[in-house]
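According to Swiss-Prot, the protein has these features:
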type	residues	note
SIGNAL	1-24	signal peptide
DISULFID	31-81	disulfide bond
DOMAIN	31-81	domain 'BPTI/Kunitz inhibitor'
DISULFID	40-64	disulfide bond
DISULFID	56-77	disulfide bond
């Protein structure tokens, strides 16, 4: 195979890697945790990944404690956890 062909193949593989969504095997374990409002009494919009529905959903975060399945934006949740 010529060097041009190898470069094209490398470019296509790189593009495929970037565009392929997060698969369940690549998803961080904390994405499987349930929504956890925490122990504080705040009222903050947050998002968590729901592994049963395979989507990011809104919940109310109290402002402290909770767990790592807690995102400020739905886009951040999708980038991290959504397949």
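Positions of Cβ are set from backbone N, Cα and C atoms, glycine also.
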Quick one: which of these disulfide-bonded residues, 40, 56, 64, have their CA within 10 A of residue 81 (disulfide bond)?
56
Rounded to a whole number, how many Å is the Cα of residue 40 (disulfide bond) away from the Cα of residue 31 (disulfide bond)?
22
Between residue 56 (disulfide bond) and residue 31 (disulfide bond): CA-CA distance (Å):
10
State the count of C-beta atoms found within 10 angstroms of the C-beta of residue 77 (disulfide bond), not counting that atom itself.
23
Rounded to an integer, what is the Cα-Cα distance in Å between residue 77 (disulfide bond) and residue 64 (disulfide bond)?
18
Spatial separation of residue 56 (disulfide bond) from residue 64 (disulfide bond) - C-alpha basis, Å:
20
Across all protein chains in the structure, which of the disulfide-bonded residues 40, 56, 64 has the highest Cβ count within 10 Å?
56
Residue with minimal Cβ packing [other Cβ atoms within 10 Å] among the disulfide-bonded residues 31, 81:
31
Using DSSP and three states only, what is residue 56 (disulfide bond)?
strand
